Protein chains: 2
Amino acid sequence: MRRPILSKFSPPQLIALTFALTILLGGALLASPATHQAGHSLSPVQALFMATSALCVTGLSVVDVGSTFNLFGQLVVLALVQIGGLGIITFGTLFAFLLGRRINFSERIRLAQQVSAFEVGGVVRLIRQIFAFTLIAELIGAAVLALRFVPLEGWGRGLYFAVFHAVSAYNNAGFSLYPDGLMRFARDPLISLAISVLVILGGMGFIVQINVLSHWRNPRRDRMLVHSKIVLSVMAALLVIGTLLFMLFEWQNPRTLGPLPFGDKLLASFFQGMTPRTAGFNTVDYAAVTQPTIFITIILMFIGANPGSTGGGIKTSTFFVMMMAAISLVRGRGDLVAFGRRVARETVVRAMTVGLLSMGLVNTGVLLMLIANHDNALSFERLFFETVSAFGTVGLSMNATFSLNPSQELILLVLMYLGRIGPLTFAVAFGSSNKNEVVRYAPERDILIG
Amino acid sequence: MRRPILSKFSPPQLIALTFALTILLGGALLASPATHQAGHSLSPVQALFMATSALCVTGLSVVDVGSTFNLFGQLVVLALVQIGGLGIITFGTLFAFLLGRRINFSERIRLAQQVSAFEVGGVVRLIRQIFAFTLIAELIGAAVLALRFVPLEGWGRGLYFAVFHAVSAYNNAGFSLYPDGLMRFARDPLISLAISVLVILGGMGFIVQINVLSHWRNPRRDRMLVHSKIVLSVMAALLVIGTLLFMLFEWQNPRTLGPLPFGDKLLASFFQGMTPRTAGFNTVDYAAVTQPTIFITIILMFIGANPGSTGGGIKTSTFFVMMMAAISLVRGRGDLVAFGRRVARETVVRAMTVGLLSMGLVNTGVLLMLIANHDNALSFERLFFETVSAFGTVGLSMNATFSLNPSQELILLVLMYLGRIGPLTFAVAFGSSNKNEVVRYAPERDILIG
Ligand SMILES: [K+]
Ligand SMILES: [K+]
């Protein structure tokens with residue numbers, strides 16, 4: 001009896017393969033002159049890099065999107081972003097919710113009751129729900145952004161810019177049609193805040209979104225999940241810490257916040273505190289920030305956003321469990337308790353493993369980038385920053401991406417892919433010697449990790 | 001009934017306090033003109049820095065030891081190194097062996113049988129044994145080093161240099177009486193190899209030393225402990241990897257290995273592969289090495305040497321358990337098995353916690369060093385290198401230590417202290433809310449962590 005070819009692959013293998021094939025297809029399109037503006041061209045590696053950066057919603061660009069690609073090319077980039085974003089949310093949610101591999105039984109039952117408030121019955125309906133949710137968020141975002149882009153760029157171009165940036169923001173892609181990103185909007189609260197809301201919403205993850213929505217509709221019946229409480233708290237804490245530290249380190253920097261008036265300093269700091277949640281947009285020049293800002297941004301980019309969202313990094317929940325476990329052990333407590341729930345030892349080991357694998361991956365990436373850095377063309381910290389940005393699918397850069405050599409482009413391309421698929425998912429997909437044992441842990445897990 | 005004041009403190013608290021008091025005493029001595037050569041002086045922070053660097057056997061120097069201190073001052077530095085080294089070995093061994101907090105019961109019984117081959121009956125005898133072992137190793141080392149130093153420096157000075165460098169090497173301190181370290185001996189196999197043997201021996205840890213010795217005397221009766229097998233394997237692997245990578249990245253560097261003949265390239269590479277095991281000696285100029293070498297050295301310095309030895313870092317055993325646990329989880333295996341023994345889940349969580357706390361400490365240190373780096377006087381990678389070197393009590397430097405400002409000296413001073421006492425020991429010493437719970441884990445542990 002022959003089984004269909006797809007059933008030979010496990011779900012993580014399917015994701016990894018689907019992503020790889022889509023990147024090859026997108027790369028072929030972006031290498032073709034049909035997607036280029038007159039007088040512009042890309043090397044095959046550059047085309048593959050841009051396809052990877054778009055599908056993995058990273059936003060790093062070896063060429064300027066606005067001036068290199070024609071409208072068709074830009075739409076290819078946008079389509080890859082949308083496919084990548086939806087794919088990640090859908091796979092992430094399905095894994096957690098339906099396959100039951102990452103969330104424990106009682107939480108799943110409670111969540112199912114909440115989702116049913118939205119009349120979700122099966123996989124197809126759940127996917128339709130995710131698509132609708134994404135589309136509505138992007139449409140509202142585009143409408144708000146159009147209030148600024150239409151007066152600036154005219155009706156046709158303005159609406160197009162509004163849609164492009166809304167999709168890019170909600171999917172945490174960070175691509176912009178302006179050559180200097182969003183720097184011209186550093187003092188514009190409408191653009192800054194609308195983009196921030198889209199990014200934060202997209203980085204929340206579908207399960208948290210739906211949990212928050214149903215809780216808001218009916219606080220008594222639909223309670224907040226432990227998972228939601230944890231990731232929302234960590235997200236809020238990182239946002240506040242990121243904003244305050246950016247303010248602290250850049251307040252008097254003449255090349256960033258220095259010349260801005262008080263209110264604009266706050267606005268720009270908030271934007272830069274939000275963007276390492278792997279949005280990748282910038283309203284200040286990261287090549288001009290101070291050394292402490294570089295380092296803090298690297299750490300925030302490494303941590304990233306919520307699991308099952310369009311954001312990258314090791315994820316807020318992974319970071320939370322790692323930190324809490326370390327504190328628990330130091331205090332001599334056997335069990336890790338968060339928001340009144342005991343966190344399973346398996347979850348702790350899994351979080352720490354995700355953290356370690358990610359550090360190993362980033363360190364390997366940095367080492368390779370330094371080896372490929374002929375004649376020390378780029379400084380240590382710029383390559384370090386760029387590598388973590390690629391791994392976390394953030395897209396921030398200290399203006400180094402245009403200066404990468406082909407070997408470095410290839411290294412970052414692979415890192416974006418691995419950072420997106422998730423070191424653990426990827427390793428489990430291709431390295432698992434005994435799948436049953438992995439699944440065996442399922443009932444104990446109650447926080448989504450990685 | 002009044003209890004003696006000392007019994008109010010737990011053993012880790014006692015270590016932390018003893019170290020702090022000795023540093024204050026040493027700092028006072030090194031600040032006094034009685035220890036200085038004519039025309040030289042130190043600020044109070046610099047004197048404290050040198051005392052910390054000596055007692056924590058780090059070897060970072062804000063002043064040149066040979067030309068700043070007179071003979072008395074140099075002997076104070078050497079005494080601090082010897083006290084620090086012996087203190088660390090003794091406390092580490094006592095903790096592991098007698099207090100039974102870090103090694104499991106059956107291993108302890110087996111070890112006790114082996115140690116009894118050396119006629120150790122109690123704490124005092126064990127300490128006497130450690131002291132004798134250290135003294136003999138240093139004396140033999142000094143005798144070998146004298147073969148080169150006496151012809152070079154004359155009898156009196158030559159013997160003194162031999163003793164100083166032997167003590168500095170065995171205790172993994174890395175202080176040298178030459179202003180450029182051991183760079184003049186890059187092509188000298190006698191000095192390079194004698195120093196290497198002393199460093200490796202000192203970085204092994206007393207338990208491993210005595211285990212190897214008794215196993216060598218009577219292989220059938222005294223078997224190798226799992227702990228010994230693990231740390232010796234990791235040590236050997238790091239030595240080989242460090243040497244090969246140094247060769248790879250520096251072979252053609254005109255400022256390091258480039259001009260040397262083939263054999264000397266091998267010798268210098270071996271020496272630099274050995275020294276990140278927190279020895280801190282250097283025969284090449286680390287301000288001249290390539291970017292990949294900087295990065296690899298940072299990673300090797302962070303890993304460090306064996307627990308209960310004079311070396312620093314997170315320790316080879318911690319690194320091993322973290323790596324193996326990550327691999328086990330990825331492969332979907334529930335338990336971590338090493339050399340035929342199951343490693344307890346508690347040991348895994350403890351290793352990962354040590355790794356995480358250390359990373360947190362290093363990251364905080366780097367951030368503070370960057371904040372204190374006024375006018376960007378030192379580059380990102382030089383401060384990063386210097387910070388990890390201080391945390392791991394390594395003592396390697398990209399010629400940055402002399403250029404630190406007082407705030408940075410203070411930050412590194414604290415980091416050397418915390419890196420030496422051990423992030424976990426320190427935190428447990430002062431943060432423990434329930435000591436019984438910590439001890440409760442003891443019987444399951446079988447590998448010394450941290
Ligand atoms: K991004
Ligand atoms: K040292």
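Even glycines carry a Cβ here, placed using N, Cα and C.
TrEMBL annotations: computationally assigned, not manually curated.
Residues or ranges marked as transmembrane segment in TrEMBL: B:43-63 (among others).
Residues 11, 15, 18-19, 22, 26, 29-30, 35, 50-51, 54-57, 65, 69, 108, 111-112, 115, 123, 126-127, 130-131, 134, 163-164, 167-168, 170-173, 175, 202, 205-207, 307-310, 420, 448 of the same chain, all 6+ positions outside the transmembrane segment (B:75-99), place their C-beta atoms under 8 angstroms from a C-beta of that stretch. What TrEMBL records for B:75-99 (among others) is transmembrane segment.
Listed as Cβ neighbours of the transmembrane segment (B:126-147) (distance under 8 Å, sequence separation of 6 or more from its ends, same chain) are residues 85-86, 89-90, 93-94, 97-98, 115, 118, 120, 158-159, 161-163, 165-167, 169-170, 190-191, 194-195, 197-198, 201-202, 206, 209-210. Residues or ranges marked as transmembrane segment in TrEMBL: B:126-147 (among others).
Packing against the transmembrane segment (B:190-210) from elsewhere in the chain are residues 85, 89, 92-93, 96-97, 111, 114-115, 118, 129-130, 133, 137-138, 141, 144-145, 147-148, 165-166, 169-172, 182, 225, 227-228, 231-232, 235, 239, 267-268, 270-271, 274-275, 277-279, 281, 283, 305-311, 448: each is 6 or more residues past its ends and has a CB under 8 Å from a CB in it. If you look up TrEMBL, you'll see B:190-210 (among others) marked as transmembrane segment.
For B:230-249 (among others), the entry in TrEMBL reads transmembrane segment.
Positions annotated as transmembrane segment by TrEMBL: B:286-305 (among others).
Look at TrEMBL and you will find B:351-371 (among others) tagged as transmembrane segment. Remote same-chain residues near the transmembrane segment (B:351-371) are listed as 302, 314-315, 317-319, 321-322, 325, 380, 383-384, 386-388, 390-391, 408, 411-412, 415, 418-419, 422-424, 427, 447, 449-450 (criterion: CB distance under 8 Å, separation of at least six residues from the stretch ends).
Taken from TrEMBL, the feature transmembrane segment applies to B:410-430 (among others).
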Within-chain partners of the transmembrane segment (B:286-305) [C-beta distance under 8 Å, separation at least 6 from its ends]: 172, 203-205, 235, 238, 242, 245-246, 249-250, 253, 255-256, 272, 276-278, 311-316, 319, 358, 362, 381-382, 384-385, 388-389, 391-392, 394, 396-399
